[in-house]
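For reference, the structure discussed in these notes is given below.
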Amino acid sequence: MKGLNLLCCCVASLLLLSTAEEVEDASEPTKRDRSHLESTLKLNEDKPADDVSGVLQRLRKIYHSSIKPLEHSYRYNELRQHEITAYPGRTLGSSATDGEITSKPMVLFLGPWSVGKSSMINYLLGLDDTPYQLYTGAEPTTSEFTVIMHGPKLKTIEGIVMAADSARSFSPLEKFGQNFLEKLIGIEVPHKLLERVTFVDTPGIIENRKQQERGYPFNDVCQWFIDRADLIFVVFDPTKLDVGLELEMLFRQLKGRESQIRIILNKADSLATQELMRVYGALFWSLAPLINVTEPPRVYVSSFWPQEYHPDTHKDLFLKEEISLLEDLNQVIENRMENKIAFIRQHAIRVRIHALLVDRYLQTYKDKMTFFSDGELVFRDIVEDPDKFFIFKSILAKTNVSKFDLPNREAYKDFFGINPITSFKLLSQQCSYMGGCFLEKIEKAITRELPDLLGSIGLGKKPNVLSCDITGCGETPKNRYKKP
């Protein structure tokens with residue numbers, strides 16, 4: 001009898017063990033094929049990256065020799081800090097360095113908490129089940145701004161170190177205080193995709209949390225990254241479609257950047273077809289008041305993580321949506337130099353217009369001043385009503401100035417409240433025998449040098465690195481032996 005009981009116990013143990021193994025095998029999710037991701041992002045290509053060192057050297061030289069002198073002379077960055085301009089978008093920051101010019105394209109991930117932002121980065125980089133993967137979970141897991149960039153080996157960099165390193169493009173973040181720098185972290189990963197792009201993961205939006213509880217100006221920090229992002233992924237999932245004050249403020253900050261925004265409905269394979277259609281419509285209904293564009297926003301519907309799609313879902317549709325989003329990402333990477341040159345040229349146009357306006361304010365002030373005039377009262381009258389003195393209309397009379405590029409008039413009340421008009425010089429006085437005139441140099445950069453540099457990339461030419469030192473950027477060496 002004892003032998004029979006022992007045999008039954010052994011059989012039961014074997015059955016339990018085999019059942020546990022079957023359950024364990026069934027619980028292990030199968031991984032999705034990554035061939036489409038690697039082919040779209042060209043991760044398997046062995047060809048060397050494009051040599052853009054010559055282009056960057058010329059771009060830096062143009063900026064430092066033709067744009068930066070006028071920018072500093074008329075304190076353009078102090079105007080930009082007021083955030084009251086008519087043209088939202090990217091800036092070079094209050095402490096522009098070469099890091100701003102040479103930085104790689106930046107992809108910013110925004111959205112509510114636990115919608116899959118960190119999981120999406122892990123999936124794009126293939127970091128799942130590796131020591132490099134970002135921590136994910138159902139609860140709010142990311143409380144820091146995490147910058148994922150390329151490095152020779154896995155390395156974590158504290159925010160204080162990132163801000164102190166002038167070679168990086170993150171030194172302006174010091175202005176947000178030490179509390180924020182403690183919430184900033186950099187991770188270097190040896191990955192081929194990160195050689196061409198940088199990812200930024202942000203803390204999830206939690207609507208029931210007040211901004212002051214974060215300990216730093218969250219919206220201001222988001223604006224800094226938004227201004228510098230080449231592509232912005234705003235991620236949602238089917239369970240977090242409600243729009244609160246913090247998300248509404250975020251979309252207000254995104255105005256003017258609609259061309260860079262990609263809205264993603266993640267975890268789409270967790271719903272049946274009918275439910276997915278309802279959620280898709282609800283997302284449009286929630287976002288419609290926040291995005292003021294004539295065309296509805298493009299929403300990518302898929303599940304961005306390495307596990308296979310759930311059965312009985314639209315796998316083909318999700319795969320096509322994923323490839324379409326990857327193509328957008330690859331396009332930004334491929335056009336990084338063109339976008340950089342276009343951005344510097346746009347910045348130069350704004351600096352030039354600001355200098356023309358300050359010059360016009362100063363010239364009007366000098367014309368109205370007499371021996372018995374009170375300079376403060378005279379200039380206050382000019383600043384309060386610039387239209388009475390045709391300040392802005394005189395700038396628009398120039399053939400190469402658009403009314404859509406003019407800053408807000410209110411910005412100059414604050415600007416001249418900090419910077420007395422008497423501290424500036426007229427543009428006609430900003431000339432030297434050796435260096436030439438500031439205005440002529442920036443106009444040459446806008447009309448000739450930067451378009452020529454852009455054209456050389458489009459034609460597949462590689463500008464000579466040494467030509468800048470010999471002839472000056474944008475100038476073609478003259479053939480002394482050619483007959484006129």
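Numbers here mean position along the shown chain, with the first residue as 1.
Note that Cβ sites are derived from N, Cα and C of the backbone, with glycine treated the same way.
Residues or ranges marked as compositional bias 'Basic and acidic residues' by TrEMBL: 28-44. With a cut-off of 8 Å between Cβ atoms, the residues of this chain six or more beyond the compositional bias 'Basic and acidic residues' (28-44) that come close are 124, 126, 192-193, 306-309, 319, 322-323, 326-327, 329-330, 333.
Annotated domain 'Dynamin-type G' per TrEMBL: 101-342, in sequence order.
Taken from TrEMBL, the feature region 'Disordered' covers 23-44.
Taken from TrEMBL, the feature signal peptide applies to 1-20.
Summarising model confidence by region, the domain 'Dynamin-type G' (101-342) averages a pLDDT of 85. Across the compositional bias 'Basic and acidic residues' (28-44), DSSP classifies residues as 6 helix, 1 strand, 10 coil.
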